[in-house]
Amino acid sequence: MSSSRALPFQPALFASGRPYAERAESEEGWHDRLAQALDATALAPLRRHLHVLRGDARRLVERVDALGPELQRLGDEALRARAAALRPQLRREGFRLEQVAQAFALVREAAGRTIGQRHFATQLHGGYELLRGRLVEMATGEGKTFCATLPACAVALAGYPVHVITVNDYLARRDAEKMGPLYRFLGLDVGVVVQGMPRDERRQAYAAAITYATNKELAFDYLRDRVALQGKGTRLHQSVRRLAGHGPAQQGTVLRGLYYAIVDEADSVFVDEARTPLILSATVDAGEDAQHGREALDFARALAEGEHFACEGFERSIHLTDAGRERLDAFAADLDGPWTSVRGREELVQQALSALHLFRRDQHYVVVEGKVQIVDESTGRVMPDRSWERGLHQMIELKEGLEPTARRDTLARLTYQRLFRRYVHLSGMTGTGAEVAREIKVVYGLDTARVPLRKPSRRIDHGFAFVGTTARKWERVADAAEALACGAGRPVLIGTRSVEASEQVSAVLRARGLPHALLNAKQDNEEAAVVALAGQPGRITVATNMAGRGTDIELGEGVAAAGGLHVILTEYHDSRRVDRQLVGRCARQGDPGSCQAIVSLEDEIFRLCAPRLAGAVARALQAGTRLPGPLLAALRRHAQHTAERRQHGIRMANLKQDRQLQKLLAFTGRSE
Ligand SMILES: Nc1ncnc2c1ncn2[C@@H]1O[C@H](COP(=O)(O)OP(=O)(O)OP(=O)(O)O)[C@@H](O)[C@H]1O
């Protein structure tokens, strides 16, 4: 497309953040499509501006390198003036290769002056692919956080709101703080949205040129915006109102719309988290009777697995058998309230059974100050403002002997798949995307671009060891940690899958008198301090997935010469990608480092995903048989493959349900 055909940029629209831009989906009705056509004034410029981007990354890198010396000679003010002058050019010409090279060269120079780091060629390459709307695969430790500043600045300089999305509050805050001086130097303000922030502050943060937020905060803000807009007429009404000048504050929304997103740890957000739909709920006034819950728990405790109910641990589903139902009917005969209807009583008992058999303390949730708080399994963090649906949360509270909190009812529901497909322009980055590249292409339409390593990896993999029992595993882990930390003076990171497991290994280390730090959902306020010390000589750190993705452990003095950080993986995850993320904490950016896995046949993944094979291997080990490595590797592959396949099935079912629900809701007028 030639520049003369590109629509002129309309800064006024964006300055006031007027249109709530987002992409409409095909299944919406004619009035939605008409509304979208009206909103096209907001969408078209960004699309058109990006459309002119041509040429390969190599040319861009050469051009940025060539522009470097001249920019280096400029004073700070002159450099800022260059950035200011580039803005109208970007608006006029769009993201042509030359303009992008200028923007990237400016960002690189400004970064050198403000944060003391200059983008590597690999990061320029990655930045270019992000701008093109790709899923960028860059190995762990290659500096994705820094790489994202390039497209973020380029798009923000052109005047479009940019969202940089990370997986947890710690990373959102850390990245916004670290990169803030660079953005401000270029005249761009930066906002950050974290858990517990009031609405006004959120609106302010989203009004910034570049906003850092977690996927969860963003999704819930979007959901709340949709609910706020619901009472205000159809989408067509809203579009007309927007064109008439209503901004977020007048509309009661916080976001300015969904323009350009750079999603960090994209495989986690796009794939792993896509398993759970996001549900916005409100407290139900009618105080639910805890008595029914207690009755249900008493009844459920007396039921026998296999006879009265069947349990699918992996899918987290449980159902009554015919014998169970008969017993329930007899039990409910004299009771009132929800017990009188078949649906009511079966749901009560199902929730009670789930609370008893599917949800475990210190794995799926923790109890903090008399409250049940959900632990996000993929990030290892607590989610204090989330609760399980349909009375399950209260049932778990009752199981723990706590006072049940008020029950909440669903207001709106959304999946990440739907949310991210609504961005006008979307990109993502990850260290571990290869296995899910196809799924991401199918669901989100993103092509993958792989950026090569800057320096060859020096990671030494010491392989894996299988032991028969969990107790034995912790002893072996403690042996290895002791030898490396005390013997070689190297820092050791021990990764566990649950809070419970982290506490078990911590107890074994304590019993041996080995000092160590513990990082899990119960200790999350010490996170930055624990991470800051985790690379010091002889330091042992035990952590759940909290120290997985994104965590950057800096090596202390003399550590590289001693061999770098050593990572011990103590349980395979459902997805190999999460294992690679943990291992990716060591040997970053060409540093030395090593890893090993010490796992037990009692681990959940083997019990749930390869019970027969794991049982046979356990018996052979007990009999003292030495099993060949390839057989054990096959066991691991089989278990993880089964887990990944099941997870994939759940995600696809979720997406399908989401589409069906959307159609249904369109009839009742209660879409999100
Ligand atoms: N251009 C650069 N110059 C100097 N240091 C850099 C540069 N880019 C990144 N780094 C440093 O490299 C380290 C790793 O960066 P970062 O944590 O962003 O990697 P990552 O790719 O996001 O890793 P992960 O996949 O684990 O999240 C950080 O300490 C960062 O400061």
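Residue 1 is the first one shown; counting continues down the chain.
Backbone N, Cα and C atoms are what each Cβ position is placed from, and that goes for glycine too.
A helical conformation is recorded for K144 (ATP binding site) in the three-state DSSP classification. Neighbour density for K144 (ATP binding site): within 10 A of its CB lie 26 other CB atoms from the protein chains shown. The ATP binding site annotation in TrEMBL covers Q123, G141, E142, G143, K144, T145, D552.
Summarising the annotation, TrEMBL assigns domain 'SecA family profile' to 39-629.
Summarising the annotation, TrEMBL assigns domain 'Helicase ATP-binding' to 125-302.
The feature domain 'Helicase C-terminal' is assigned by TrEMBL to 476-636. Predicted-model confidence for the domain 'Helicase C-terminal' (476-636) is 92, expressed as mean pLDDT.
The Cβ centroid of Q123, G141, E142, G143, K144, T145, D552 marks the ATP site; residues of that chain outside this set whose Cβ lies within 8 Å of it are M138, F146, C147, R588, Q589, given in sequence order. The most densely surrounded of the binding-site residues Q123, T145 is Q123 (count of other Cβ atoms within 10 A of its Cβ). Each of the binding-site residues E142, D552 was scored by the other Cβ atoms within 10 Å of its Cβ; the lowest score goes to D552. Over all protein chains present, the Cβ of G141 (ATP binding site) has 22 other Cβ atoms lying within 10 Å. Listed in sequence order, the residues of the same chain lying 6 or more apart from G143 (ATP binding site) and placing their CB within less than 8 Å of its CB are F120, Q123, Q589.
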